[in-house]
Amino acid sequence: MDKTFTPHPVIFALFRFDLNSSSSNTVKVAKTLNASHISMLKWSAFPLKHATGNTMSEFIAENRGADAITRPNWSAVFSVAFCVACLIIVEFLPVSLLTPMAQDLGISEGVAGQSVTVTAFVAMFASLFITQTIQATDRRYVVILFAVLLTLSCLLVSFANSFSLLLIGRACLGLALGGFWAMSASLTMRLVPPRTVPKALSVIFGAVSIALVIAAPLGSFLGELIGWRNVFNAAAVMGVLCIFWIIKSLPSLPGEPSHQKQNTFRLLQRPGVMAGMIAIFMSFAGQFAFFTYIRPVYMNLAGFGVDGLTLVLLSFGIASFIGTSLSSFILKRSVKLALAGAPLILAVSALVLTLWGSDKIVATGVAIIWG
């Protein structure tokens with residue numbers, strides 16, 4: 001997290017601290033952050049404040065005496081980053097392969113899109129309860145389990161001969177996805193000394209950005225060449241690489257049992273939390289409703305072929321990366337403007353696509369603006 005690092009929307013999930021198992025490295029991260037870093041991360045302190053009763057600075061100040069490791073384990077950091085990238089790529093593969101998947105399984109594209117919905121819901125529940133479930137379990141074994149679930153998901157989807165088996169495979173991915181996001185930040189912080197935590201997190205965020213840019217266009221391109229089932233077979237190979245890399249590089253990271261039982265849903269009683277959660281839910285629901293069905297919409301409405309769709313998806317990913325890079329400037333000016341402006345732009349873009357989406361230029365422009 002050097003001066004060129006900018007926050008990504010997924011940073012919210014990455015900073016859902018694994019409070020029950022976070023050792024000293026987790027709480028020391030802010031000691032290495034300068035003013036610009038704190039400015040970029042200030043909006044992610046909201047869930048921490050409402051989970052612990054303290055602001056991020058107060059939380060860190062209470063834990064300044066903790067010990068830390070002295071040498072960074074970069075191989076372990078990169079193994080975690082690779083696992084993150086694989087999870088994101090597999091998560092978004094159905095977006096670019098939805099049409100051939102639906103045709104092969106004999107279902108409609110709308111029904112096939114529910115495979116993305118299942119992943120999202122399972123991931124949501126996994127992220128809420130994973131820290132209470134694993135508690136004192138060695139995080140090394142937990143991460144290996146998530147990599148195994150990733151591989152299993154790809155194989156189940158690849159060999160699926162029914163919609164039910166497809167959903168089971170995608171549910172396995174949801175468990176790995178939600179569980180891994182809930183503990184990835186604290187996990188990374190335990191692999192390096194406090195002074196290099198920002199750099200380690202930058203590696204993770206970089207993997208996230210790259211995966212988001214290439215996932216959909218790569219799936220579309222490879223799906224045309226080798227078929228959608230072989231695309232998931234290739235993703236399963238990446239999952240196997242994740243397993244072996246994690247086994248080789250990730251050290252034992254014992255968890256710490258929780259001494260305080262907190263009800264996650266009690267947070268909804270705090271002022272503003274419910275409204276904020278509803279707003280976030282609606283924003284992301286609209287975003288993924290569009291993105292999940294981008295292939296059938298752009299091929300059927302705008303008349304794009306597979307090659308044209310691949311370029312549109314690549315443009316979408318690049319635009320998303322650029323938007324993320326510029327987001328820090330908007331956040332510094334006004335967090336409320338950023339949080340309110342983004343959903344408004346998405347809504348207007350969806351309306352424009354509905355009315356004039358048959359024009360390829362307009363459709364391409366909407367994808368870029370949306371990204």
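Cβ from N, Cα, C; glycine included.
The feature domain 'Major facilitator superfamily (MFS) profile' is assigned by TrEMBL to 69-371. Among the features that TrEMBL reports, transmembrane segment is placed at 74-99, 111-130, 142-161, 167-188, 200-219, 231-251, 272-294, 309-330, 337-356.
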Top Cβ-contact partner of the transmembrane segment (231-251) among 142-161, 167-188, 200-219, 309-330, 337-356 (pairs under 8 Å): 142-161
Any contact, the transmembrane segment (200-219) to the transmembrane segment (111-130), with at least 3 Cβ pairs under 8 A: no
Intrachain residues whose Cβ lies under 8 Å of the transmembrane segment (111-130), provided they are six or more past its termini: 13, 16, 91, 94-95, 98, 101-102, 105, 157, 163, 166-167, 170-171, 173-175, 177-179, 181-183, 264, 288, 292-293
Ranked first among 74-99, 167-188, 309-330, 337-356 for CB pairs under 8 angstroms with the transmembrane segment (272-294): 337-356
Recorded stretch, among 167-188, 309-330, 337-356, maximising Cβ pairs under 8 Å relative to the transmembrane segment (74-99): 167-188
Non-local residues, at least 6 beyond the ends, that sit with Cβ under 8 Å of the transmembrane segment (337-356): 43, 279, 282-283, 286-287, 290, 297, 301, 327, 330-331, 362-363, 366, 369-370
